[in-house]
Each structure stands twice: as C-alpha cells, then as structure tokens.
Amino acid sequence: MTTNYIFVTGGVVSSLGKGIAAASLAAILEARGLNVTIMKLDPYINVDPGTMSPIQHGEVFVTEDGAETDLDLGHYERYIRTKMSRRNNFTTGRIYSDVLRKERRGDYLGATVQVIPHITNAIKERILEGGEGHDVVLVEVGGTVGDIESLPFLEAIRQMAVEVGREHTLYMHLTLVPYLAAAGEVKTKPTQHSVKELLSIGIQPDVLICRSDRAVPANERAKIALFCNVPEKAVISLKDVDSIYKIPGLLKSQGLDDYICKRFSLNAPEANLAEWEQVIYEEANPGGEVTIGMVGKYVELPDAYKSVIEALKHGGLKNRLTVNIKLIDSQDVETRGVEVLKGLDAILIPGGFGYRGVEGKVMTARYARENNIPYLGICLGMQVALMEFARNVVGMENANSTEFVPDCKYPVVALITEWRDEDGNVEVRTEESDLGGTMRVGGQQCHLTDNSLVRQMYGEPTIVERHRHRYEVNNMLLKQIEAAGLLVAGRSADNKLVEIIELPNHPWFVACQFHPEFTSTPRDGHPLFAGFVKAAGEYQKRQVK
C-alpha cells in the first residue's frame, strides 16, 4: 500500500487554525472510507510539552500509549476515529535529543553531524514511521513560514516530495486574507508574500486555504491562483464560522476532498457527513442551557483546559443543552469566599499541579458537597474532594497531600511509588525523580464497583481511561474514609489504586483520578460528561421549583 502525504503549513500570522483545518479535512477523507491519520511537528526545543506551563502553551494532551503531546492532537482525535500515539507528535528537542544520542553512541562513524542531512533525515524517518499503514497522512508543521525554528522541518518536507514522489505528496498552505474596512475589500498581498517565502525554501503549495472573516470572492481567489501558481479550484475560502463542526462541510462544499483524491489517484466513494450534520443540528437546537463553574488555576488561558471545555460542550450536545462555562480562579475563592460560586448549576475542578489555589479548591468541593450541587473532580479535583471529605466529615484535621505538605499528619494523598504501565511493566518513582516523563501516564484499565453511579453511566464493568499524575489516594487511611460514607467506585486493574470516588448520599458527586476529557468526542460524547451535564440540568429544575 502506498501512503500519501499532505503537508500543512501556515503563513502571515500564527493561530490561523491549521490544526482544525487539517482535522476537518481528515474527517472528510475518513468519511470517504480512507484510512487517515494526522501528525504534528513542533519546532520548539522542549523534548515534549509535559513540563511546559499551561498558561504559555495550553493543555498537554495525553495519548492512549502515554505520550504527553500538543493540544492539537486533541483536535485530531475529536474529528477522526484514529487514535493518536507518540508517533503522531514530535519536537525539535526530541529530534536533536535522538541525533545527539546516536552521535555519542558512535552511530555516525565519526562524521560531522549537521542539520542537513542528519537532522532532516531524522525528521523524515519519524514522518515515514508515523505514516505506515495509512492511505493518507496529514502532517501539520507548527509555527509560521519564515520562523527560524521551522526551517529544518520545512527542508525535510521539501525533500519528502523527492523521495516518496511528487504524486504522493501535496502541500497545503493556510494563509490570512484580511478584510480592510476602509478599502471595502479583502487584500491578497499577504498571501502572495507568504507563498513567495515558501517558494524561496523550495516548496510550491498545491492548495491554499484562505482564512478570512468573510467568504473570499471568486475574483480574488482567481487573483490568488494566478499570482501563486495554484489551480483556481485549489484556492479554498475558509471564513469564520459560529461552530468549528461546520468546517468539514465548508471544505467539502468547495470540492477540496475531490481535488485531493484526484491528485492522489484515490478511488474513494463520496463522503457521508451525516454524523457531523447531526452534531451541528444538536448544537443549533438546544432545549435549554446550564451554567457550569470550572474552578482552576490557569483560567487566564482557556486553552489550558481545552479538552475539558470541549468535553463539557459534548455533554451538552448529548443532553440538548447549551453549556455556559464560567471560569473561576481558585484563588478568588480563597480571597472572596464561596460567594463567587453562587448561581452555578454544577461545579467542575480540573487537573493541576502545585499548591497555589489548592485551598480554594478544597472550599469549592465543600460548597458543592454541602449544597447538593453536581460536582465532577478530575485528577487534582478528586484529590481536593478527598482532602475536604477527610477534614470535614471524617475529622482528620488538616488532611492534605504530601505534594503540598510532605509531613502532614493525615496524608490522604501521597506519591505513587510503584505501578504498572500500559504494557504491564513495573514503574518505580521517588521524590527525587525528574519532573519530565516520570508520571503514571496513558491508558489504564479500571474496574468499576457494582451498583455505583459510574457503573450505571458507563454501562460496563471495566473501562480504560487516560492518566497523568504522580500522586494517588493513600490506601493506609482509606478504610476510615470509606466508613464515613465515601464510596470507592473504581480501582486499578491490580486493585491497588483508587481511580473513582462517589458520595452515595449526594445527588451527583463523582471524582476520578484519570482524565475523561481526553476520550470525549462531539459525535460520541463521554459517559461522565453526559451524566454531569444531565445532573446540572436536573439541579437547575429543582432550584426553579
């Protein structure tokens, strides 16, 4: 089987939406019956985004096989059925790390190690490895054409056309076509200059995706085609839309998938986008709305919680409810009190690291528990719920996590020192272990407790969910906590680690150590988020009565 490659680049400005555009195109090609995957090449020098600040970089998306990756991989999984893996994302730092390791080992036999050919060869090897077994691979190159950091990646994808054949490679370039109100027209010159920059590197784009706040007129698309040496039918207008789920249909309506299939000589049936049309219908025709408060520490950048926000919206789709998300800084709860939580239909505390704002989260969990407000805790959100319950119900004064207070009297949350990874191998960690690459991360099996709320929501006894954490419930203190009324609703496959807790005497209080947001999609939703949003709607109705 021959694999075809679509290389996606961006020009003029950053944040044009390359990831969404690539994922939307992949969704159409998948709907035509093709085996599709997507890769993201990141030009930064960090080995992976695992230790990068969420406020700078956004969330870290975790794959099934335990890779800590760019948030764009979350977009990919929400648009196509193919599961991403560590092969779908790599950085400049990872490439240089691999090449330097080989140099130290003597693999290059004393040769002078250079960007060309050694770095570019390493990039190409990873692209080819990631593309194995697929009909079409979309490769998104991070950054903007013209950035110094991107040059080795652009050179590598230029060489790919020579090595795998021009008939199996296609260059798709996203560019900005701004509208100038004073002139009353869109301007194509930035696009022309961006393509000129690509040409100077040796890449002639085959498709231009023109981003604008309005549809780019046919005469302007013809002008772009003429000056950029691209067929007119390959100049696609991608205007701003009120829902990102409309983008696959928008691209299909302009024949982009037909053009690509003809270019690659792929005999594929017409795309059926009925599932996406259903998503659009559900989003446009809600039966009501709920307000959910998300209490975290990175709220100044919503992308830090991208998958959680999307998963809440998916939960809304499954319940025909519009979900309004109110982002609340947990430090505001500490300074202003629980007044900032008034008027919410449900409360969610997502994952996080570090002590800042933790006490505000503990106060939030108590407020939700005592006022019968639906509560969903994720990762740290489960740990603070446990701390709160231990303090205020069990009577363990100042119960805490050893992450925050190493010598606390009641360490209800402690460092995991040993567990099994996704392959069944034993992993061991200590307080001295590096921060990068040392967490319990990736898909882990969980056995659900019979007659629990989560068992009812999932509809099956065993699930697999993705983790990213170092600390877990301390089993030494668990019996006392369970005796006070807390239910352990899910445990790890070896029965050693607590994965889910519930409060049976509360209308809807669920907290999990894993990250369910990473497996939620607009077409399928996720049982926990669907149940959580449903509970928010029911709470709202009770308040009205």
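Backbone N, Cα and C define each Cβ position, glycine as well.
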Of Glu310, Glu334, Glu403, Glu502, which one shares the L-glutamine site with Gly352, Leu380, Gly381, Met382, Gln383, Arg470 in Swiss-Prot? Glu403
Among Asp65, Asp70, Asp72, which is the one Swiss-Prot gives for the ATP site where Ser15, Leu16, Gly17, Lys18, Gly19, Ile20, Lys239, Asp240, Val241 also bind? Asp72
Which of Asp72, Glu140, Asp240, Glu517 has the fewest nearby Cβ atoms, counting only those within 10 Å, among these recorded positions? Asp240
Pairwise Cα distance for Leu380 (L-glutamine binding site)/His515 (active site) [Å, integer]: 10
Counting across all protein chains present, how many other Cβ atoms fall within 10 Å of the Cβ of Gly352 (L-glutamine binding site)? 22
Which chain-mates of Gly19 (ATP binding site) that are at least 6 residues away have a CB under 8 A from its CB, listed by sequence? Lys40, Asp72, His75, Tyr76, Glu140
Secondary structure at Glu140 (Mg(2+) binding site) (DSSP, helix/strand/coil)? strand
Among Arg470, His515, the recorded positions in question, whose Cβ has the most other Cβ atoms within 10 Å in this structure? His515
Can you tell which of Ser14, Thr188, Thr191, Gln192, Gln383 has the least company, meaning the fewest other C-beta atoms within 10 angstroms of its C-beta, among these binding-site residues? Ser14
Using other CB atoms within 10 angstroms as the count, which residue among the recorded positions Ile148, Cys379, Leu380, Met382 scores least? Ile148
